[in-house]
Amino acid sequence: YVAAVYEHESILSPNPTALVDRQSALELMGRNLDVYEQQVVAAARQGAQIIVFPEDGIHGFNFTRSSIYPYLDFVLHSHTVKWNPCREPYLFNDTEVLQRLSCMALQNKIFLVANLGTKQPCEHTDPHCPSDGRYQFNTNVAFSDDGMLVATYRKHNLYFEYAFDTPPEPDYKLFDTPFAGKFGMFTCFDILFFEPAVNLIRQYNLKQVVYPTAWMNQLPLLSAVEFQQAFATAFNINILAANIHHPTLGMTGSGIYTPVKSFIYHNMESYGGKLIVAEIPVVTTDYKTNLENNERFRENLDHSCKTFTSAPMDDQVCFKEGQETPGRVSEKENEQLPPLFYAEMMYDNFTFVPVWGGKGELQVCANTLCCYLNYRRAVLTNELYALGVFDGLHTVHGTYYVQACALVKCGGLSFSTCGQEVTDATALIDFQLWGNMSTPYIFPLLLTSGITLDFADHMGWKNNHYFISKNRTSSGLLTAALYGRWYEKD
């Protein structure tokens, strides 16, 4: 099917905390909707059957609870009411934004997904009802190609969004399409949590996801395109991800992702929006079988294996007996092991070991997690790389448990620069990276120079370890990592 995502540079309110009337709010949102309309027409001309717009694209951000109020549309979050806002505009008050979106879908015969702020009055008898008598939600809406409102999703994992409420229960929202079956829907920060994103995909065995986001890039492990791709790969699904474009805030990175190919846009240099249109296959392989394979790693697989030292650089991953035990003991008594050091990466205290020389094998451990690397560099460049491990609770900008094994390019040549944000690299590295992860939810990251994506040659479970291997990256390596999320320990 042909999909489109639009990375939108929003026209923002010059003073989002100021109180304005509904008319002024509609005027500002109307200017963003004018851009949406042009893009829907352009996408439809290129044969797109569905288009996705970013989070906060219509109204912007940095509002207070009261200052966002004039920007909110009324949406009935109910399955019972069938409603076409374009054809039945007078059914509910304060639905001007929904009407315009519905008409764009109808007039261009295209499925359309957008994000807006919504309001819902509530009774004080409702224990969750805010003191001002209304809910305010960060909401995705999906319209079918005849303008029907087919799904609404209220963001569950808010990222410092004081204007919005968390819905009392996670929404599991899907809509059906004639061209690719069911699509699931969640927003931005949701992608890092079990509820509702992972649970939605598991319960409904989804193959397609629409994903509006307003993502601030954080290298080396959480750049938008890097994690969107890893998510598509990990769950064997297609993701249509639309991000906001505001380079000054570090916001860019959208794409149409399949488990094996990506069509991405990442641009921190210039301004303006970007439409991506791509034809992608409907994923058919069953994700559930993937997960069962993942779960199998808990069973004890055959450990008999030759030592890893002699392994050629292909996917013959082998594990030495007892290699899980932490320790810095070398096989040869007199061999100097590279030094351990600590550095902050992604606000977490990683344990690192430097990656020196043309080739070698390394291991580094923290808590229960040990990470191993076998690497070869054809040409030695004047760049420092390090292998890092983190196994613990991440607590800055959200709280969640991470198990990570990461090969990263450092910002400079001193150890203290490891973990810094780096965007360019020249070293081409053959590697196998593996770890004794305790969770089946592993997101394989592979990022190369200029924030471009690469794909691993092989990845998966072997002997209770998860591995990723690559013979020669397409350009200089920035990050190769296994980013594990241990949801039970959040």
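Placement of Cβ uses the backbone N, Cα and C atoms for every residue, glycine included.
Mean model confidence for the domain 'CN hydrolase' (15-282) is a pLDDT of 97. Among the features that TrEMBL reports, domain 'CN hydrolase' is placed at 15-282.
All protein chains considered, the CB of Glu55 (active site, proton acceptor) has 27 other CB atoms within 10 Å. Per TrEMBL, the feature active site, proton acceptor maps to Glu55.
Feature annotation from TrEMBL assigns active site, proton donor to Lys155.
TrEMBL lists Cys188 with the feature active site, nucleophile. Within the same chain, the residues at least 6 positions away from Cys188 (active site, nucleophile) whose Cβ sits under 8 Å from its Cβ are Glu55, Lys155, Asn157, Tyr159, Tyr211, Pro212, Thr213, Ala214, Trp215, listed in sequence order.
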